[in-house]
Structures are given as C-alpha cells and as structure tokens.
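As structure tokens, the structure follows; a few thoughts come after it.
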Amino acid sequence: MTGWLTEAVPRGRVAAFRTLVYLFVAADLVVFTPWVRTRVDVPGDLYQPLLVGRLLPLPTPTPALVGVVFWVLLVAALLAATGRAPRLLGWTVFALYFEWMIVAMSYGKVDHDRFGLLVALAVLPTAGRARHGDPTRTEAGGWALRVTQIAVICTYFLAAWAKFRFGGLDWATGSVLARAIIRRGTDLADLIAQVPHLLIVAQFGILAFELLSPLVFVLPARWRPAVVGFFYSFHLVTVATITISFAPHLVAMTSFLPLEKVRPVVLARRLLGRGDRPAAPAVADGPRSAPSADPAPAASASTARTAAPDPTAGSTSGG
C-alpha cells in the first residue's frame, strides 16, 4: 500500500502539474470567482462560515481583508507557477486560497468541484523542487499526485453517496436533470430532453459512473488513459448541456496525465529562437555560375600546339 501511494513519477510531471495548478489559481481569482470581493459588501450577519471556518479563529471578512487576500494570493500564485521556493510559496498559496474559498462558500452555496484542487494545493509544497522535462523520478512527487488523484475520485464517489443519503433512488427516478435544463440548459439540452425517458437513463448512468469511479485505480495501466478520457468527456457533455464546467476539478484531474511530455519552457525557447534567427542572405537572380579558369594559359597552349611542326613530315617527303 505504501509503495502504491508513493509510486515514483518523473519530476517533469510534478513541475508541469504545479505550474498548471498555480496558474489556474491566478485565473480563478480574476475569471471564475471575482465575485468573492463583492460578497463582503453585505452585512456581516449574513456571513455563516463553514464548519472549518467556525473551528479556526478566522475573522469576519471585510472589504480590506478580502482585498489584501486577493492581491497577495494573485502575486504568490504567479510566482509559485515558476517553481521557485516551492515550499514557502506553496504553503502561502494554500493558506490564502483556503481563506478565499471559506469566504466564497460561507454565504449559502457550497461547490464540491474544488475539493481536488484544494488537496493539490495542500500537498504540492511537500513535493520538493522539480524542473520541466526532468526525467528523474521522485517518490515525494508521486505521493502528491496520488493523493490528488484520490481526492478527485472521492469527489465522484462521495457525490453519489450524498445523492443516496439525501434523495435515495428518488434522485435517479426524479426530475433532477429536467430542472437543471429548465434553469440553465442549452439548445442541445432541449433536444435531448425531448427523447422519452432519456433523462432518467442518464441519471442512473451518472450514479453508476460515480460509484464505479474508484475502479480507475485497479484497472491495468494501459486502460487508465481511456477511463480518464471518459471522465473528461462526461464534463464536456455537462458543459454542452447545462453549462457547468467543474474547471477546478478538471485541473486537479490532470494529475492522472503524463504531463512531463508538455515542456512549455522548451517550446517558448524554440519560439523565441525562431524570432531571433537572422534572415537568410538574398540570392541574385539567375543561375550562379562556377568560377572560370584563366583563359590565357589555355590559349597559349593551343597556340603552341598549332605552331609546332609535324615530326613525321620530313620522312614522308624523303621516301
């Protein structure tokens, strides 16, 4: 079991995963969750912290506090994406993003698509230094990726458990997807909804998929990319039908992928090298002629051969 948890992986994979995760944190602040900064404009009585927020001595968020968290976290995440000071910057990003999520989810709505990302942020500082493209293997990095993978699969399995806990089989036989399509469905979802009983079949399929997701860990290694590809295709259909992206979860799920094959530093150097390469010299019109030899010696030799008398001339006339 210990060997499975700490299965060594290339350091290049850890470096690529780290860069992707920290860049997503920066993007999350400015693209996906900028509304967190406006949540604190409401009265403090509306702030109902999560259990972890009640256990920890965290203050009631104010505009000043959230503003400081936003800017420090944004800068720290961008610096951490470079791979420098992985422990110092990693723990800083985790602590600040954890506070950012507590503020975001303490006003009535809790998203479960960020569990895997939070776990990734918690374990990446323990992976140590890693460089893009480095083929040497690391057990510490393997442990960080494995724990993230477990968190990703727990997101699926525990979602199914919650469905049975609060809805039982009524979740599968009810109108869950129909309500979602009415609220935020696309044109594609409207077409699917017209097929009789298809939504009920889809709900049973979702439950089966979530309950069976842990099998990805026991399948042969050659089948895992296909299973992970199915996971991504499921979320692609979700985006195309009810516009729910699960973007943080999708980022965490890249822990299953051979990211060491992605080498952004090498690609950037190649692109910059092409831009700095000097232009080829211009070629004159017409075929390039080979350098000719001096004709004077050739002409002199020809003249000498013409002026020389035939040595057989005398003997012929004398006979």
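Each Cβ is built from the backbone N, Cα and C atoms, and glycine gets one as well.
Here TrEMBL flags 284-319 as compositional bias 'Low complexity'.
Look at TrEMBL and you will find 277-319 tagged as region 'Disordered'.
Feature annotation from TrEMBL assigns transmembrane segment to 20-38 (among others).
A Cβ distance under 8 Å defines the sequence-distant neighbours of the transmembrane segment (58-81), meaning residues of its chain 6+ beyond its ends; these are 18-19, 22-23, 25-26, 29-30, 36-37, 39-41, 44, 47, 49, 89-90, 92-93, 96-97, 99-100, 102-103. Look at TrEMBL and you will find 58-81 (among others) tagged as transmembrane segment.
With a cut-off of 8 Å between Cβ atoms, the residues of this chain six or more beyond the transmembrane segment (88-108) that come close are 22, 25, 29, 33, 36, 39-40, 42, 46-50, 52-53, 58, 61, 66, 69-70, 72-73, 76-77, 79-80, 114, 118, 121-122, 124-125. According to TrEMBL, the feature transmembrane segment maps to 88-108 (among others).
Annotation comment: TrEMBL describes 114-131 (among others) as transmembrane segment.
Taken from TrEMBL, the feature transmembrane segment applies to 143-162 (among others).
Summarising the annotation, TrEMBL assigns transmembrane segment to 198-219 (among others).
What TrEMBL lists as transmembrane segment is 226-247 (among others).
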